[in-house]
Structures are given as structure tokens and as C-alpha cells.
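**Q** According to TrEMBL, the record shows the following:
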type: DOMAIN; residues: 1-111; note: domain 'HotDog ACOT-type'
type: ACT_SITE; residues: Asn9; note: active site
type: DOMAIN; residues: 167-281; note: domain 'HotDog ACOT-type'
type: ACT_SITE; residues: Asp198; note: active site
type: REGION; residues: 293-324; note: region 'Disordered'
type: COMPBIAS; residues: 296-306; note: compositional bias 'Basic and acidic residues'
Amino acid sequence: RIMRPDDANVAGNVHGGTILKMIEEAGAIISTRHCNSQAGEPCVAALARVERTDFLSPVCIGEVANVSAEITYTSRHSVEVQVNVMSENILTGAKKVTNKATLWYVPLSLKNVNKVVEVPPIQYARKEQEDEGKKRYEEQKLDRLETKQRNGDLIFPVINPEPHTVGYSQSSLIHLVGPSDCTLLGFVHGGVTMKLMDEVAGIVAARHCKTNIVTASVDAINFHEKIKKGSVITISGRMTFTSNKSMEIEVFVDADPFVDEPRERYRAVSAFFTYVSLSKEGKPLPVPQLLTETEEEKRRFEEGKGRYLQTKAKRQAQLQQAAQ
């Protein structure tokens, strides 16, 4: 679809959350189609996880975004989907790949939302493709469990925080989940959640830098539990790490079942977003160093540094491989 002014961020490019929402919609369509391709119980595919997503190039207002999706692996109860986003300047015909993402979906029965139905298998061109897909499946399954176990933190307001501290830029957004946010099953669309998460992460980054900021990448987004229509969700973000040119922001979503539900608040989604600071001309700017004050903040900073160095090493290895 063509990108319009209401898709823009403050820098004038397409909002990162809008791109994430389009990616998720494409994944949901192809997964739901596949899971209903054989006779069986009708179902809707629900987003369980988004692997690391890199924003390779900005999409501009007036360009056409082409989103393509392909199923690359199926387990008994999940579907792996690869999604590519390409922008097209319809005046010049120029095209460029702007995003690549891997998403995992599980099919939920229309009759019983707590029942995960079986996924029809796909045919692989080579046995190696199935083996590689199984390896990716096991890795993401393990990571989801590890992430859920460490998701107990909460964000509390800080009185008179100093600039460039964690408390100074941390932000929260409260949203009542309405019908337009939900799937046929009455649970929140994964793309709606990701868009809200990106908005909160962007506020944290902008508060820290006081400049134009853009989404550079999103580390694995884990959807731990479904969010029901009528829930009140709190999307919270805090700075965890800064390098010279980038910021890592932890974002999580807590849900309060607000209507006819005795359940306590629970952690529904978690992720790490990476942002960069840009000048008015769109050139990278130095990022102010994050000032850590508590032992917990220092621990999170070191963990973020480890993720940053790991990503940097992977990128360098890919560049070297491409050069060969």
C-alpha cells in the first residue's frame, strides 16, 4: 500500500511501528491460510514471537510498501514465516529492501481459543531446509522460556531524575483494548501491540537524546500470553544500554483483565528495541552516555553491551562472508 502522511514519524519517514504492524499482518494472513488449507478444525494464527528485525532503510511518505511472506518451516503446532518489505518510488521506479523479519505463529481453534490445533506440514525442496528449520525452532523455543523467566521487573516513577539517567527517559502508555485492536478470537493483534511498543520505545529514545530518532532494529519480541479484549494494557519502556551511536530500550507489556475477569496483572510481551539519533539532515549523531545509578541498572547495561557486541560480531562476519 502507499504510505500516507498519517503513517509518518516526527522525522517525516514512515513510523517503525507501522512497518512492524504491516509485517505482522502479512505473517498472520499466510499462516492462517496455511493452517486452514486442509480439512480440520477452523483456526486463526496467533503471533508467538518475532525474531530480530533490522530496519535496513527508511520508507518515505509517498512510496509504496510491498510486503511479501513465505512459510519456511512448520512444526506440529507452529509456523515459521519469513517476511520481506520492499519500498518502491512510483515516480522513478526505484526499489529497495527495507526490512527482513522472521515470525512464529501458533494456530488457535475458533471453537476453543485455548486449544492449539495441528499445523499441516509443508514440502521442503531439500532435507537440509527442514533440519535448519528445526534447529531454529528449538533455539527460539528455548529463548522464549528463558525470557519469560526473567520478566518480573516493573517500572516505577522517579522523582526529579537527572538527565541521561534511566529514570529520566523511562516512559509508559496505558491503552484499553477495544474491538478494533483484536482478531476474530477477541485477542489483541500482534501488530497492534508492536506498534504501541515502538511508540513507547521512541519516546524513551527521544527523551534521552532530545533529537530526531529512528528505529534501527528490534531484538526478539516474545508474546508470552494472549491479551483479551477489554483488558487494560500498560506498555513500559526504559533505557538499558547506549553505545556511541545507538540506544537499546527494553519494552514490556503488562495486561490487567479489566472486564469480568478475576485474574491478576500479568506480563504479556517483552522485547528490546534499538534506536539511533539523527540530525535534521538525517545523519547519525552521537548518543549521550547512559548514566547508571543502581546495581540493577549496571547489570542491565552490561547485559545490553553483551547483546550489542554479539550483534556487531555477527554483522562483521556476514560482511566478510559476502566479500568472499
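Cβ atoms are placed via backbone N, Cα and C, with glycine included.
On this model, are these features tucked inside or out on the surface, and what's nearby?
**A** Model confidence over the domain 'HotDog ACOT-type' (1-111) is summarised by a mean pLDDT of 94.
Note: Asn9 (active site) has non-local neighbours His15, Gly16, Gly202, Val214, i.e. same-chain residues 6+ apart with C-beta under 8 A of its own C-beta.
Residues within less than 8 Å, Cβ to Cβ, of Asp198 (active site) and separated from it by at least 6 positions along the same chain comprise His15, Gly16, Gly17, Leu20, Thr215, Val218, Phe273.
Remote same-chain residues near the region 'Disordered' (293-324) are listed as 52, 165-167, 217, 219, 240-241, 243, 246, 248, 250, 272 (criterion: CB distance under 8 Å, separation of at least six residues from the stretch ends).
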**Q** May I have the DSSP-based helix, strand and coil counts for the residues of the region 'Disordered' (293-324)?
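**A** Summed by class, the stretch gives 29 helix, 0 strand, 3 coil.
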